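The next block holds one structure in the form of structure tokens; read it before the comments.
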Amino acid sequence: MNTNTDQFLLDNGFWGWLYKLLTPVEWLMTQIMAIFHKFLTLLGMPAVGTSWVLSIIFLVIVVHACILPIFIKQMRAMRKMQALQPKMQHIQNKYKGKNDQASKDAMSRELMKLYQDNDANPAGSCLPMLIQGPVFMCMFYVLSAIEYIAKGKRAPLGAFDKATAQQFADSSNFGVNITTRFMHADTHAKIIIGIFIALMCFFMWLMQFYNMRRNLPRASMQGQQYRMQQAMTWMFPIMYIFSGLNFPFAVLIYWLTNNVCNFLRSLWQIYTFPTPGSPAAEDKEIRDHKRENARRKRAGEPSLEEEQLQKAKDDAARRETEGYQRKQPKRKKKK
Amino acid sequence: MASATQAAVRAIHWYQKNISANTPAKCRYYPTCSNYALEAIERFGILRGGVLAMLRLLRCRPWSRGGIDDVPQRFSLFYRYSWSKAHEEPRLTPLASHTKEMA
């Protein structure tokens, strides 16, 4: 990718056009990094070195903080849909076996009304995922461009003029310059970059693996499709090994932090909003049960078990006196 | 103008048959945007109906609420607002005149 070091190849052809479109995002990214970097130097960190690495990490955190609210909203919507399930089934049963256009129409209308009244909608958006793609592309572009800005081969981009870019290009992490690529590195750098690629792929794999093990309903944990999914958990990390070899070290730092953040977020998601029927959901049920009992204990109320026992005892006593037969309702005597 | 209307209707039918039929149902609104566009163009013509359809497409965003959103009985760009004279409460049953058209 980078054999001709005199020219910035990402500015050519279709990709050049696409990156031109994304310029506002790129500009914003450079500003965020530059501002955080200024803040760090203000605290007394050297302008060249770790401060730039921390700025990259800070950028990842900013991006994730922007996505998180959408993410949470989406999970809330999913939960609402689950809660609406009984009512939806009620409506669907009402129109069971009716295949004419008017009934179908009426059913869709009623379902829509139900969603609207409860502020839930089945058409969840894939916006968070759609955002992450271009954001990562911009990041890749900016971090790749810096090298060339520093050399004066490319026009300045946002907050990165030639001098700033030079500072950035001179920075290093674990003794490796952050513009180095695996292909053009010495042995020490190759080892460090290799470790970063391995960690990055590992976190990606771990996230998918954990998701599959913990957050899939037990019913779907078998069969052809499940095995396909299992194979897929290996495919993406392995694909990323090859692209990782071509990326500057700075991009790898961004990517590793990003994957760690993704992993933490999915851990949290599986803990708080597990898919119903999955092992994580079973654990959550036990946890919620314990929590409820603890709350009742503090409030001095009988625990869930005691309440159940009391109910069973009452039922038994009632059976003793009234017999096992359910009593038929009696008609009131007419006056 | 009549030919433009026909072309638009044919294009929407083509979309419904070839593109929409191959993707899972995933609409925030009822009727779907394409059905809405068909009805709007049929009732108000290509220009006014087309504008209504465009506005409807723009209303389908991740954070919009969705729900029942019929073509208004009388034309207005602001029929979604409750202060508009053309505003209608969402109907649970389609109007009789509509069902005749669909059958």
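Just so you know, glycine gets a Cβ as well, placed from its N, Cα and C.
All annotation found in TrEMBL is predicted automatically rather than curated by experts.
Look at TrEMBL and you will find A:281-291, A:308-325 tagged as compositional bias 'Basic and acidic residues'. Look at TrEMBL and you will find A:52-268 tagged as domain 'Membrane insertase YidC/Oxa/ALB C-terminal'. Under the heading region 'Disordered', TrEMBL lists A:278-335. TrEMBL lists A:21-40, A:52-72, A:191-210, A:231-256 with the feature transmembrane segment.
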Short question: which residues 6 or more past the ends of the transmembrane segment (A:231-256) have a Cβ under 8 Å from it? 1-2, 53, 56-57, 59-60, 136, 139-140, 143-144, 146-147, 168, 173, 176-183, 189, 192-193, 196-197, 199-205, 208-209, 212
Before we move on, state whether the transmembrane segment (A:52-72) and the transmembrane segment (A:21-40) share at least 3 Cβ pairs under 8 Å, counting only pairs 6 or more apart in sequence. yes
Per DSSP, the region 'Disordered' (A:278-335) contains 40 helix, 0 strand, 18 coil
Taken over the domain 'Membrane insertase YidC/Oxa/ALB C-terminal' (A:52-268), the predicted model's pLDDT averages 80
